[in-house]
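Swiss-Prot lists GLY11, PRO12, THR13, ALA14, VAL15, GLY16, LYS17, THR18 with the feature ATP binding site. Look at Swiss-Prot and you will find THR13, ALA14, VAL15, GLY16, LYS17, THR18 tagged as substrate binding site. Annotated region 'Interaction with substrate tRNA' per Swiss-Prot: 36-39, in sequence order. Swiss-Prot lists THR102, ARG125 with the feature site 'Interaction with substrate tRNA', giving sequence analysis as the kind of evidence.
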Amino acid sequence: MKKIPLIILTGPTAVGKTDLSIKLAKDMNAEIISADSMQIYEYMDIGSAKVTEKEMQGVKHYLIDEVKPDYPFSVSEFQQRAKKYIHEINKKEKCVLVTGGTGLYLNSLIYNMDFAQSDANNELREELQKQLAEKGIDYMHNKLKELDEESANRIHKNNTKRVIRALEVCLSGKKMNDFSSDLKFNEEYQPIIIVLNRDREHLYQRINMRVDIMIKNGLVEEVKKLLSMGFKKDMISMQGIGYKEILKYLDGEYTYEEAIEIIKRDSRRYAKRQITWFKRYKTAKWFDLDQYENIDELKNEIILYIKDSIK
């Protein structure tokens, strides 16, 4: 059976994925599947830098505004829904463009990760529960941070069930020291991985500027509205960068200025971790946006690369 080409456009936060993804989709007759763990949530628009309807320019997007902020969305569920949408898009004879920077979401499509198998791994779960009883939640949360810092940052340490579940996913059928070791490529798809990057200082400037724009556009008001709607601060969705810092400002833990600076700092650190993650994709083609006169020049070069890559 012919593999479905899976065009994956990724890169660190604020690099410029959204604009380019729309241009690529329009030129390649593609529909877009979002691989962003924050844009999945309704009502969380400003802090997630969610693509707007106007920005979409009529290009169909999937896995945006998919669930309410109190829904415990998992990597396993992302994989199930994304696979369903991939087949729907393919049936329409359109290209599939996956765009976003959540590494675990991308891995769940690139590699043959069987979450049903991890669901059945009772022995591992019992061992983790035993460690939890002996060493406590702080130890377990720190262990998760070593394996998957992004999930650890989003899962509150008091949510023991989610911490254990995330550790199960990380530890199922692989070596602990490298998430993608021992994983085989998904045989259904031909992943064509494109990683966007920029000069580090320029990227950090863009991150700082984006945070300033989020604040100006009403991030504080967005968080207040979420609280007024009954969404709690210990929810997974509320642990996202931008949201957790504003919550601490509203609780009086940070000043307004401190909250903004910490969002910028944490976003820069996140970008650095993302770049490290993407370097594991040995077949990926990297493009430095700062080396191009304009976005159309870059878009045309990427389209040529994609056409040459499709088997």
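Cβ from N, Cα, C; glycine included.
Each of GLY101, LEU196, ARG206 belongs to the same chain as GLY11, PRO12, THR13, ALA14, VAL15, GLY16, LYS17, THR18, is absent from that list, and has a C-beta within 8 angstroms of the C-beta centroid marking the ATP site.
Within the chain, the region 'Interaction with substrate tRNA' (36-39) has long-range Cβ neighbours (under 8 A, six or more residues past its boundaries) at 47-51, 63-65, 73, 78, 100-102, 104-105, 150, 154, 237, 240.
Same-chain residues that are not part of THR13, ALA14, VAL15, GLY16, LYS17, THR18 yet have a Cβ within 8 Å of the Cβ center of the substrate site turn out to be GLY11, PRO12, ALA49, GLY101, LEU196, ARG206.
In this structure, ARG125 is the one among the recorded positions LYS17, ARG125 with the smallest number of other Cβ atoms inside 10 Å of its Cβ. Comparing C-alpha positions, ARG125 (site 'Interaction with substrate tRNA') sits nearest to GLY11 among the binding-site residues GLY11, ALA14, VAL15, THR18.
Counting other Cβ atoms within 10 Å of each Cβ, the lowest count among the binding-site residues GLY11, PRO12, GLY16 belongs to GLY16. Each residue of the region 'Interaction with substrate tRNA' (36-39) gets a DSSP state, and the totals for helix, strand and coil are 0 helix, 0 strand, 4 coil.
Note: the Cα of THR102 (site 'Interaction with substrate tRNA') and the Cα of ALA14 (ATP binding site) are spaced 13 Å from each other.
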